[in-house]
Structures are given as C-alpha cells and as structure tokens.
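Input: a single structure, listed below in structure tokens.
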Amino acid sequence: MVSTHAVVAGETLSALALRFYGDAELYRLIAAASGIADPDVVNVGQRLIMPDFTRYTVVAGDTLSALALRFYGDAELNWLIAAASGIADPDVVNVGQRLIMPDFTRYTVVAGDTLSALAARFYGDASLYPLIAAVNGIADPGVIDVGQVLVIFIGRSDGFGLRIVDRNENDPRLWYYRFQTSAIGWNPGVNVLLPDDYRTSGRTYPVLYLFHGGGTDQDFRTFDFLGIRDLTAGKPIIIVMPDGGHAGWYSNPVSSFVGPRNWETFHIAQLLPWIEANFRTYAEYDGRAVAGFSMGGFGALKYAAKYYGHFASASSHSGPASLRRDFGLVVHWANLSSAVLDLGGGTVYGAPLWDQARVSADNPVERIDSYRNKRIFLVAGTSPDPANWFDSVNETQVLAGQREFRERLSNAGIPHESHEVPGGHVFRPDMFRLDLDGIVARLRPASIGAAAERAD
C-alpha cells in the first residue's frame, strides 16, 4: 500500500522528499500525487501521498505523450509526468533528460463506489478522499460516475514483518525487492513478475508463488535465468519468486546454528500478505497457486496441504512427494543438505532422531485429504543420466515418490494431472507452459472493478 504522511510543524516538501526518497528534488512528485498546486505551501496536519516512481532517461524520438501512452496506456496523462519532473512545457523534452514517472493505477469506477471507499481501499484511510478528488479534477467529491477512470497513486511499503532494504522497479515487468526480516538471518530477495498490462489495465490478477530448487546456484533469480519472462508473456497472472535458501526446504528447521532460517514463516506469514497488500491480487483461495522445481516442488505440495485454504492449485516439477520411502531417503537428504549449506550443522527435521510429527505434517503422501478440491499437477523424469549419480538418485526417488503419491490420490478419488517424461532432474519449459495454462484456467480470472477485493 502506498505510504502517506501527516505534515508536522517545520516540515517542507523538499525535506520530506529527502527523508522518504533521499532526493530533495522529488518534492514535485509528492506535490503531484497530493494535489498540491504550490509546493512551497503545506499546512500542519495536511495529509500527503508518497508514491513509488520510476526514473526514465529520454532518448531520441521520445515525447511525454508517447511515454504516457507506453507507461500508463493514456497519452493524456503526460501532464503527470511533467508535474512530477518539473517540466513547464510538456511538449519539450531533451535527449538525456531524466524524468520521474509516478507509479499509479487507472481505476474504473463501478456501481457503488465512492471516493471515501476508494481512499480506504487504496490509501488505507477513507479521509484521504480529497487527495483523489484533487488529482482527478473532481469538483464535488460526492459525485463520481460509473465508468469514470481515476488516477490513484500506488507504492510498495514495509509491513507484515518485512522492511524493504533494496528494490528495483525499473523493468516493465520484473520488479525486485530485498527484505530485512526477523524470520531469516540475512536479507532474502524476491522477484515479482507482472503481466504485460499491469501498469495500464487497472485489473486485479491471480498470483502464482513459484519456488526454486536446492543448491548453491539457486535463489530468487533462478527462474529469470530459465526464461520465465518469455514463458509467461501474455499471461494474466502475477508470478512471485522468492528466495528459499540453498537448502531451506521451505521449512522452519528443528535447529540452526547460524541464526533464524524460518522460510515457512517468511513465505506464508510475511511475504504472502505483503504481496496482497502491495499488488492488485485476489486475497482468496481461488486467487492463488503454488508451484516449484525440485526442492521447490516439494515446498509447493507441502504448503498446499498444510495451508489448505491458501492455494487452489499446486504443481511439483520433479519435486519429491514421499518423505519416508526407502528408509526416509528424502528426510536424510533434507537434513544433510540443510546442515551443510544453510544451518551450520542444524537440521530441518532433527538428527539423529527425527521430529516425527513434523515429518508427517510435511509429507504429501500422509496429507492426501488435504489435496481435495485442488488442481494437482505433477512432472517426473523417467530416464536420468546413469553416469550422474546426483541426477540418477534424485529423479529416481522423485519418480517413485510421485507414483506413490498419485496412487494414493487415485485411491482417494482425488483428480490430478501427471506427466512422466524422458530425461532426468531438470526444469522442463514445455511442461511449465502446459502447467501455467492449467493454473490460469483454474484460478479466478483477472478483472476490473468490484471484483478486485484487494489492491495497491
């Protein structure tokens, strides 16, 4: 949700811009978002909007109208770029000039809307409705028309135990955040991949939480390296790709000797509500899916069962689904890998004695009833490389565990989609495309207006 501020004695817009953005020149952005005609005059108690923004460098051929059309879908919003950037004549920009592109959504009024209700929804305070009226040139805040398009400023802010310590929202689709959180002893990163039309559509979207696998080369950037932008082009869904540790196993571990590594808390109790408070997503069962590769595929199945009301679809791409088979091979691997890579000798499930209740709570084959009324999608390889012990052991175990899981689902009368395909322990883009189509079909479709239950 966008940040707001109430002016106190002695404050100026320049001083506030320096405090909030680290740049006093951004006072114009605050003025534009808050409907202030004279930036030199603010009053004690006056409420201000502190929106997010993107810096843009003008290239040959650019005009403010063309940039407004590209960023916002409406050329006539060039005046907002001009106001935020301190440009007196919107028809004149120079190559190399740095522009401030305010971050806002275009909201289409539906029956029953009021400015005070929209202020409560977007700004967290119904009394801020005059700011929406001022920016949109509405003389009578008590009168708005169905179909009227409003400019409403947005932004990402701290909350739910997360403090933003780094961010980059300059890419048209892929936005990056890094958080400080007491759940993790270091600052985990998250990539959020937006639909092509997120900036301009005003729609609310379903969301997919996509989890990476284990290993020292795996983190929140993994799927970007694997081509996730192309794989999701044109799809009306938000993709959230968080850090999960090199061997975090999407769990709060039994023990850690390097500080907190509570990935389950970070993902479920902190990141999920933060996403829903800061992006236009559906905060409901039918608005969320979870998927992952390898360790992340296990995490997807685990979260879908353990947090039954959170996710309507769960997908495991070469992820283990049975923890206890073959004398608990997956549990032993989770304990060993987490001890070496993440926990300084601590373990996810306990060693030498396991926390048996925790294993059962996390074990997909022991949680079969928790997959009812969900879309389940499974992928496993049938021909791992025999010369590569890691590939062979991994995918052989994955295949056997998924077969056990599928049999139990079938015996319980729970529908599921499964694919056994040639190859070993690798991410398969063609299977992800197929999966994504099914996810989009299962979840609540993107929509505008009253259907949007949560927004920026």
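Glycine residues also receive a Cβ, built from the backbone N, Cα and C atoms like all the rest.
What Swiss-Prot says about this one:
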- Ser294: active site (ACT_SITE)
- Asp391: active site (ACT_SITE)
- His425: active site (ACT_SITE)
- 3-50: domain 'LysM 1' (DOMAIN)
- 54-101: domain 'LysM 2' (DOMAIN)
- 105-152: domain 'LysM 3' (DOMAIN)
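Shown here: features listed in Swiss-Prot, placed on the structure.
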residue : record      : DSSP (3 states)
Ser294  : active site : coil
Asp391  : active site : helix
His425  : active site : coil
Seminar exercise, completed: His425 (active site), Cβ-centred 10 Å count of other Cβ atoms over all protein chains shown, is 23
Problem set entry | Cβ-Cβ neighbours of Ser294 (active site) (radius 10 Å) | 24
Seminar exercise, completed: The average per-residue pLDDT within the domain 'LysM 2' (54-101) comes out at 91
Exercise. Under the DSSP assignment, what numbers of helix, strand and coil residues are found in the domain 'LysM 2' (54-101)?
Worked result: 20 helix, 8 strand, 20 coil
Problem set entry | Distant-in-sequence Cβ neighbours of Asp391 (active site), under 8 Å, six or more positions away | Pro384, Asp385, Gly424, His425
Exercise. In the domain 'LysM 3' (105-152), how many residues does DSSP call helix, how many strand, and how many coil?
Worked result: 19 helix, 8 strand, 21 coil
For this session: Please work out the helix, strand and coil residue numbers for the domain 'LysM 1' (3-50) from the DSSP assignment.
Result: 20 helix, 8 strand, 20 coil
